[in-house]
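Straight from TrEMBL, the features:
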type	residues	note
DOMAIN	37-261	domain 'Rhodopsin'
TRANSMEM	16-37	transmembrane segment
TRANSMEM	58-78	transmembrane segment
TRANSMEM	98-119	transmembrane segment
TRANSMEM	131-155	transmembrane segment
TRANSMEM	181-201	transmembrane segment
TRANSMEM	213-235	transmembrane segment
TRANSMEM	247-264	transmembrane segment
Amino acid sequence: MPPTGEMPLNPNAPTIWPWGLPIIITCFALAGIAMMIRIFTRAYLTRLFTFDDIVMTAAALTYFAFVSVTLDSISMGFGKHQWNVTVGEAMRALRRAYWVQIVYCIAMYTTKLGVLLQIKSTFNSKSRDFMFWSSWACIASFSCVYTASLFTWIFPCNPIKKKWEPFIPGTCLPTHAGPSLLSGIINLVTDVALLFLPIYAVSRLQMSIKKKFAVSGIFGAALLACISSAVRLHYTILHLDSKDNTYWLAVVAVCAIIEISALLL
């Protein structure tokens, strides 16, 4: 039901897209340019395409798929308050959101795996020091937690279609143990780890403070990813029990696009 004073199914209802769409287009363009520069550099300048590059290319492809599916969901009422979409539109939007979240989880994992491999190769040491073990520990733990997260996204309800058809008999994971909250916590913790590792490695280098700050700035995008992840988790917790899914899932999707874009830069 709409709040008091709100007219349901308002044809002129506000959406998030006047501000959300420019953000998505900007992020998409920046990530696309960054990946084209990366591929051109590897293919024509260094002529060396490593496993790190393959993973980052796969991450970019899943990211582009995530953005494309998100934008395609606009026509289904994604981004509108739920009282301004019909029951049929809401069910189609929630079904599309189910697939969006699965693609998002895959995109997030491959992107963070690619960043971890880059950090590992950039600060490669012949000795098995803290960075060596930390990088491998992060790779192993990220793989485990994102596999678990993907499982909860794929099987949030029994039967699965209860996720977008709430009126049919069945059960779903409780909201306080559901994939949205789990994913938000995982993303923030892993983003902080990605921010900490290169800063720690740079702090150990034999160079001036000024140069250390300059080198650390290269990984400054990880800070933007942390901020986006924190905002996403904030909105997830704030509206954990909200029934206005078509609106708040779209807000969370925009935050997720910013987060992945920052990691791809």
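From the backbone N, Cα and C atoms, a Cβ is placed for every residue, glycine too.
By the Cβ criterion (distance under 8 Å, sequence gap of 6 or more), the transmembrane segment (181-201) is counted as touching the transmembrane segment (98-119), at least 3 such pairs being found. Summed and averaged per residue, pLDDT over the domain 'Rhodopsin' (37-261) gives 82. Sequence-distant neighbours of the transmembrane segment (247-264) (same chain, 6+ residues past either end, Cβ-Cβ under 8 Å): 15-16, 20, 23-24, 27-28, 30-31, 34-35, 56, 59-60, 63, 66-67, 70, 73, 78-82, 97, 100, 104, 107-108, 111-112, 115, 180, 187, 191, 194, 221-222, 224-225, 228-229, 231-232, 235-236, 239.
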